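Here is the structure we will look at, set down as structure tokens.
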Amino acid sequence: MRPAHLALAALVAAVWGVNFVVIEIGLDHFPPLLFSALRFLVAALPAVFFVGRPKVAWKWIVGVGLALGVAKFGLLFTGMDLGAPAGLSSLVLQVQAVFTGLFAFLALGERPGRVKLLGMGVALAGIGVAAVDEGASGPLTGFALIIAAAACWGVSNVLTRKAAPPDALNFMVWVSTVPVLPLLALSLLLEGPERDLAALRGLDWTGAGVIVYVAWVTTVFGFGAWGWLLRRHPASSVAPFSLLVPVFGMTSAALFLGEAVSPLRWCAAALLVGGVALTSVTAGRRPAAERAGAAGDRERNVHVPLIKTPENARNAAGVPNSGAPAGVTTPAALADPVPKERA
């Protein structure tokens with residue numbers, strides 16, 4: 001990768017890491033479900049009028065919108081509102097890689113190899129250490145909701161792989177239209193119209209800036225730049241930068257919010273990041289039907305590549321085999337199979 005592209009990948013990781021601090025600030029201005037609804041509303045408008053509808057079935061747009069937008073972000077914002085620290089949330093959310101691997105096995109028949117299983121175990125050990133650290137300082141309700149958010153992110157990753165949209169940014173913009181009304185309805189029901197109206201009437205420049213950051217900087221710029229990089233470089237070159245997200249998240253939370261990072265939390269971070277790295281770089285076994293088809297081709301002396309390119313992976317399985325990053329899986333799964341520039 002060129003130096004400018006390396007810098008862009010690091011910048012996206014920083015944007016996504018600092019996003020947790022911005023969310024923490026935003027929760028001082030908005031109820032969590034209303035905040036999440038506004039995030040998607042501003043991300044979708046007016047961008048949806050300038051990008052074409054992604055070439056995927058509506059069921060995938062709606063499915064990812066509900067799993068990612070309503071469930072994952074609704075739980076994440078609520079968990080942080082209930083006391084889960086921003087830095088810890090940026091770290092614990094990375095366990096989505098474990099859930100993605102589990103759901104991919106159940107829904108897609110992707111059998112993880114031994115090293116990937118080891119990585120999942122190490123990451124889960126990190127979650128256990130983080131739970132002990134968090135439990136020593138307060139209730140675990142918010143922490144549990146962050147883990148639930150990670151599970152919902154895993155569901156959305158599998159749905160995205162099934163959808164296999166050709167353009168990451170278009171897909172995310174249209175997905176952002178789905179959660180707005182459900183989140184607004186949930187906010188009115190659970191948070192109350194009085195609280196919502198008070199937040200909107202009290203909107204100031206800080207609140208507006210928070211919405212702009214989480215909607216346009218994190219979503220439009222972040223996903224757009226990540227997808228742009230993945231269309232020009234192998235996912236194996238881009239994906240490791242996603243592991244910097246919790247590093248930037250914990251560091252920015254310590255700098256701007258004064259969050260203390262205990263030795264136990266550093267231990268949890270090392271286990272989680274190490275485990276996620278193992279699950280990211282190790283390919284699992286192909287589904288049984290695909291392996292059987294490949295074996296039949298070899299018996300007929302038909303050449304079957306030992307290492308799949310993104311293009312032939314899409315043709316064989318119907319989804320891109322792009323080595324999606326564990327921390328931010330969705331953009332990698334949306335990478336276009338076009339020629340890569342030389343590093």
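Cβ coordinates are placed from backbone N, Cα and C, and glycine is handled just like the others.
As annotated by TrEMBL, domain 'EamA' applies to 7-129 (among others).
Annotation comment: TrEMBL describes 141-280 (among others) as domain 'EamA'.
The annotation region 'Disordered' is assigned in TrEMBL to 310-343.
Tertiary proximity for the transmembrane segment (33-51) is limited to same-chain residues at least six positions away from its ends with a CB under 8 Å from its CB atoms, namely 23, 26-27, 69, 73-74, 77-78, 169-170, 172-174, 176-180, 183-184, 186-187, 190-191, 195-196, 199, 211-212, 214-216, 219-220. Residues annotated as transmembrane segment in TrEMBL: 33-51 (among others).
Remote same-chain residues near the transmembrane segment (58-80) are listed as 20, 23-24, 27, 32-33, 35-36, 39-40, 86, 89, 93, 141-146, 148-150, 152-153, 155-156, 159-160, 162-163, 165, 171, 174-179, 182-183, 186, 330 (criterion: CB distance under 8 Å, separation of at least six residues from the stretch ends). The transmembrane segment annotation in TrEMBL covers 58-80 (among others).
What TrEMBL lists as transmembrane segment is 86-108 (among others). The list of residues near the transmembrane segment (86-108) in space but at least 6 beyond its ends in sequence, with Cβ under 8 angstroms from a Cβ of it, reads 17, 20-21, 23-24, 76, 79-80, 116, 119-120, 123-124, 126-127, 130, 134, 143, 146-147, 149-151, 153-155, 157-158, 161-162, 243, 245-246, 248-254, 257, 259, 261, 265, 268-269, 272-273, 275-276, 279-280, 284, 287, 319, 326-327, 329.
The transmembrane segment feature in TrEMBL is assigned to 115-132 (among others).
Residues or ranges marked as transmembrane segment in TrEMBL: 138-159 (among others). Below 8 angstroms of C-beta separation, residues 60, 63-64, 67-68, 71-73, 75-76, 78-84, 88-89, 92-100, 102-104, 107-108, 127, 130-131, 324, 329-330, 333 of the same chain, each at least six residues beyond the ends of the transmembrane segment (138-159), sit close to that stretch.
The feature transmembrane segment is assigned by TrEMBL to 171-190 (among others). Under 8 Å from some Cβ of the transmembrane segment (171-190) lie the Cβ atoms of residues 31, 33-34, 36-37, 40-41, 43-44, 47-48, 51, 53-54, 56, 61-62, 64-66, 68-70, 73-74, 160, 163, 165, 196, 219-220, 223, 330, 334, all in the same chain and six or more residues away from its ends.
Look at TrEMBL and you will find 210-230 (among others) tagged as transmembrane segment.
Under the heading transmembrane segment, TrEMBL lists 237-257 (among others).
Annotation source TrEMBL lists transmembrane segment at 263-283 (among others).
Among residues of the same chain six or more beyond the transmembrane segment (263-283), those with a C-beta under 8 A of the stretch's C-beta atoms are 87-88, 91-92, 94-95, 97-98, 101, 112-113, 115-116, 118-127, 129-130, 132-133, 136, 236, 239-240, 242-243, 246-247, 250, 323, 325-327.
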